[in-house]
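Chemist: One structure follows; several queries about it will come next.
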Amino acid sequence: KFSLLQKFKKNPKVVPKLTYFCPKGKFTCRDFSCISIVHRCDGQADCPQDRSDEEGCPCLHDKWQCDDGTCISKELRCNGNIDCPEDISDERRCHGELIKISRRKK
């Protein structure tokens, strides 16, 4: 006999009919765990299984937001290196000298 959560983890396309929300002052992660609301959009992933607490957050004033939603330092924008983890949006629409774009070595 499987619990509803076990069934959902086995087949994530099957959405459980029950909705679970964490208590007031807590954020509900995608895996249904609860974290303090102060950790939502703080720039650090706090949900144990994913980064759902950092998804859909605006960037701080000293950051630039990649097309995938990731925030990077404004200094990394148009520096000739691809710094956005999922796209090259930090090197698009840059003005000035034409430079060769390369993926940052890790």
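Yeah, the Cβs are placed from backbone N, Cα and C, and that goes for glycine too.
Computed from a predicted structure; not experimentally measured.
This is the feature table in TrEMBL:
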- Cys22-Cys34: disulfide bond (DISULFID)
- Cys29-Cys47: disulfide bond (DISULFID)
- Cys59-Cys71: disulfide bond (DISULFID)
- Cys66-Cys84: disulfide bond (DISULFID)
Chemist: If you compare CA-to-CA distances from Cys71 (disulfide bond) to each of the disulfide-bonded residues Cys22, Cys29, Cys34, Cys47, which comes out shortest?
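Modeler: Nearest in space to Cys71 (disulfide bond), counting only the disulfide-bonded residues, is Cys47.
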Chemist: Here are some disulfide-bonded residues: Cys22, Cys66, Cys71. Which one has the most Cβ atoms within 10 Å of its Cβ?
Modeler: Cys66
Chemist: What Cα-Cα separation, expressed in whole Å, is found between Cys34 (disulfide bond) and Cys47 (disulfide bond)?
Modeler: 8
Chemist: For Cys22 (disulfide bond), find which of the disulfide-bonded residues Cys29, Cys47, Cys59, Cys66, Cys84 come within 10 Å, Cα to Cα.
Modeler: Cys29
Chemist: So among Cys29, Cys47, Cys59, all listed as disulfide-bonded residues, which is physically nearest to Cys66 (disulfide bond)? Use the C-alpha atoms.
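Modeler: With Cα distances computed to Cys66 (disulfide bond), the winner among Cys29, Cys47, Cys59 is Cys59.
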